[in-house]
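*Asks:* First the structure, then my questions, so here it is.
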Amino acid sequence: MSKKLYIKTYGCQMNVYDSVKMQDLLYPFGYESTENIKEADVIILNTCHIREKAAEKIYSELGRIKKLQDTRKKHGLSSAIIVVAGCVAQAEGEEIFTRTPYVDIVVGPQSYYNLPELISKVVRHEKHLIDLDFVEEAKFDQLPEQLYPQGASAFISVQEGCDKFCTFCVVPYTRGVEFSRNVEQVYREALKVVSNGAREIMLLGQNVNAYHGKGVDDKIFSLADLIRYLAQIPNLERLRYTTSHPIDMTDDLIKLHSIESKLMPFVHLPVQSGSNKILKAMNRKHDREYYFNIINRLREARPDIVLSSDFIVGFPGETDEDFEDTLDLVRKIKYGQCYSFKYSPRPGTPGATRTDQIPEHIKSERLTILQKELSSQQLAFNESCVGSTMKVLFDRSGKFDGQIIGKTPYMQSVYINNTNQDLLCKIIDVKITKATSNSLTGEIYT
């Protein structure tokens, strides 16, 4: 009889990838995935530590799981094994056992490949097992081949960690320094996901364009080199990468956007602020002029390229003038889509120790203003697509009968009404008939 595995994933695409790999790790040991937490034999919370109160949200979720455990005991059922994985696990460590002693395992993002052994020990009645080692090479060497198909679009992690040490960010402390996977390891995984039906691959990294993996004869591959290599795979039709840092956006990578047809015309390039003063305080290692130059060169290389970014408002010391600089940058660049957040102090980061924190109400006001501008830009871009025919990769069914959802080359979600499920995992010409700020509606072009 198979055992049931429930995984709840928080945060970034890297965590989504890690959760898939956890499924693959545990499948040979008899664990099948379930979306019903009540029937799970193992419950894994794969956590994120980027946003404010991330740890408290996990403790709240663990409290709900404790009530579920108590109910199971009342009915004479065995308790599930509870695992806290990911970046909150790395940051909190033993504190998780102190606050929630019913948790069985705490495992960091670089050591979850040990989950089968850790779970086996809990089955043998060992308690409070923790593994927070930072050995990236071991992680990637131990990860299994893909067992669970990811669908039309697949994530592949090629780089982890970050050496930039932005003053607002916990990634270097929870994911470690930059490490790049071996080229052939990535290539084999790409072959596997394509053989399982993927037509698009998203290459993932906390700082993906800093990729410098070893290939044959120890040749070092840049991200551009890796993309060129993967583009040779038959039946792979689209390649993407995220997330990038402006200072690692090389001439070679920019030029590749003009010549590699499989590389999609969409770049997520976080800038965080439009103020040179705030960029310096954030330790971003570039100024707004440098960022503008990168954007201009990308648009010269690929005139139809669409840009996305991340913004943080209310970083310590941010004045009204600094915020206006951010709005000015946004208006000049004109993004296709963006993510924006209020600054939240992360324990252990330099930004958290500053005494010139911005009041919450000011951060909220600025975020509202920025999001209004970004939403307006996103709507304008989507509306500009109405009447055009776009190539859409259909990757999933919608909530309603006969509804299918896909993605354009520019990462827009497209909804069509069509009962033909054979469209899934195919790229089809779609005429766009309607746009909102968040999605497009269309019909098959005939």
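Just so it is clear, glycine is given a Cβ too, placed from its N, Cα and C backbone atoms.
Residues or ranges marked as domain 'MTTase N-terminal' in Swiss-Prot (evidence: sequence analysis): 3-124. As annotated by Swiss-Prot, [4Fe-4S] cluster 1 binding site applies to Cys12, Cys48, Cys87. What Swiss-Prot records for 148-380 is domain 'Radical SAM core', and it gives sequence analysis as the kind of evidence. What Swiss-Prot lists as [4Fe-4S] cluster 2 binding site is Cys162, Cys166, Cys169. Summarising the annotation, Swiss-Prot assigns domain 'TRAM' to 383-446 and lists sequence analysis as the type of evidence.
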*Asks:* Which of the binding-site residues Cys162, Cys166, Cys169 has its Cα nearest to the Cα of Cys48 ([4Fe-4S] cluster 1 binding site)?
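*Replies:* Checking each of Cys162, Cys166, Cys169 against Cys48 ([4Fe-4S] cluster 1 binding site), the shortest Cα distance is to Cys169.
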*Asks:* By DSSP assignment, list the helix, strand and coil residue numbers for the domain 'TRAM' (383-446), in that order.
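*Replies:* Helix, strand and coil residues of the domain 'TRAM' (383-446) number 5 helix, 34 strand, 25 coil.
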*Asks:* What is the three-state DSSP composition of the domain 'MTTase N-terminal' (3-124), stated as helix, strand and coil residue counts?
*Replies:* 64 helix, 25 strand, 33 coil
*Asks:* Measuring Cα to Cα, how many Å separate Cys87 ([4Fe-4S] cluster 1 binding site) from Cys169 ([4Fe-4S] cluster 2 binding site)?
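*Replies:* So the alpha carbons of Cys87 ([4Fe-4S] cluster 1 binding site) and Cys169 ([4Fe-4S] cluster 2 binding site) sit roughly 12 Å from each other.
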*Asks:* What's the number of neighbouring CB atoms sitting within 10 A of the CB on Cys87 ([4Fe-4S] cluster 1 binding site)?
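*Replies:* For Cys87 ([4Fe-4S] cluster 1 binding site), the 10 Å Cβ neighbour count is 26.
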*Asks:* For the recorded [4Fe-4S] cluster 2 site, whose residues are Cys162, Cys166, Cys169, find every other residue on that chain with a C-beta no more than 8 angstroms from the centre of their C-beta atoms, and list them by sequence position.
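*Replies:* Here the nearby residues are Lys164, Phe165, Phe168, Val170, Val171, Pro172, Gln206.
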*Asks:* Taking the center of the Cβ atoms of Cys12, Cys48, Cys87 at the recorded [4Fe-4S] cluster 1 site, which other residues in this chain have a Cβ no more than 8 Å from that point?
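*Replies:* So the additional residues around the site are Tyr10, Gly11, Met14, Asn15, Thr47, His49, Ile50, Ala54, Gly86, Thr174.
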*Asks:* Taking the Cβ of Cys162 ([4Fe-4S] cluster 2 binding site) as the centre, count every other Cβ atom within 10 Å, in any protein chain shown.
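*Replies:* Looking across every protein chain shown, the total is 23.
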*Asks:* I'd like the number of other C-beta atoms within 10 A of the C-beta of Cys12 ([4Fe-4S] cluster 1 binding site), please.
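*Replies:* Result for Cys12 ([4Fe-4S] cluster 1 binding site): 18 neighbouring Cβ atoms inside 10 Å.
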*Asks:* Taking only the Cα atoms, work out how far Cys162 ([4Fe-4S] cluster 2 binding site) lies from Cys12 ([4Fe-4S] cluster 1 binding site), in Å, as a whole number.
*Replies:* 15
*Asks:* How long is the line from the C-alpha of Cys12 ([4Fe-4S] cluster 1 binding site) to the C-alpha of Cys166 ([4Fe-4S] cluster 2 binding site), rounded to the nearest angstrom?
*Replies:* 18
*Asks:* Starting from the Cβ of Cys48 ([4Fe-4S] cluster 1 binding site), draw a 10 Å sphere and report how many other Cβ atoms land inside it.
*Replies:* 20
*Asks:* Averaged over the domain 'MTTase N-terminal' (3-124), what pLDDT does the prediction give?
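*Replies:* Within the domain 'MTTase N-terminal' (3-124), the model's average pLDDT equals 90.
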*Asks:* I'd like the number of other C-beta atoms within 10 A of the C-beta of Cys169 ([4Fe-4S] cluster 2 binding site), please.
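*Replies:* So the number of other Cβ atoms within 10 Å of Cys169 ([4Fe-4S] cluster 2 binding site) is 21.
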